[in-house]
Amino acid sequence: MKIQIINGPNLNLLGVREPSIYGSTSIEDYVKELRSIYSIIEIEYFQSNVEGEIINKLHEVGFSYDGIVLNAGGYTHTSVAIADAIAAIKTPVVEVHVSNIYAREEYRHISLTGKNCQGVLTGFGMKGYRLAIESLLM
Ligand SMILES: O=C1C[C@@](O)(C(=O)O)C[C@@H](O)[C@@H]1O
């Protein structure tokens, strides 16, 4: 089984960036932990601050992988193109947000991408990535 985690803009700074909102665990450490918990799954990690690179990655894995865990960061709220890419591929996508987007600024309450995903997990901290993997295993 192959799962691709895709993180969007600024999420390379998880652990450093606004720790009161996003916590202090780095994504590299968290992915290591996930790989040790789910040793039978191939978990690939990709991060980009560039919208087109996220779309290219969705296309690249979206017809062969078993699941995609996507945190599109700020593009969640703005990117018709990422939403279209999710709709275009075959692999199920689970959307994750570390923070609870509904408890924050109003412009974060809209997810353009969520509608094309199998489901959305928001506000569970880094645990959201694990919950998304669990949902893909069911
Ligand atoms: O970059 C991010 C991170 C985020 O996706 C989250 O994981 O909580 C929430 C977004 O609103 C924000 O732009």
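Residue 1 is the first one shown; counting continues down the chain.
Glycine is no exception: its Cβ is also placed from the backbone N, Cα and C atoms.
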If TrEMBL gives His77, Asp84, Val98, Ser99, Arg108 as binding substrate, which of Asn56, Asn71 does it give for that site as well?
Asn71
Out of Arg17, His77, His97, Arg108, which has the highest number of nearby Cβ atoms, where nearby means within 10 Å of its Cβ, if these are the recorded positions?
His97
Which recorded positions from the set Arg17, Asn71, Ser99 have a C-beta atom lying less than 6 Å away from ligand 1?
Asn71, Ser99
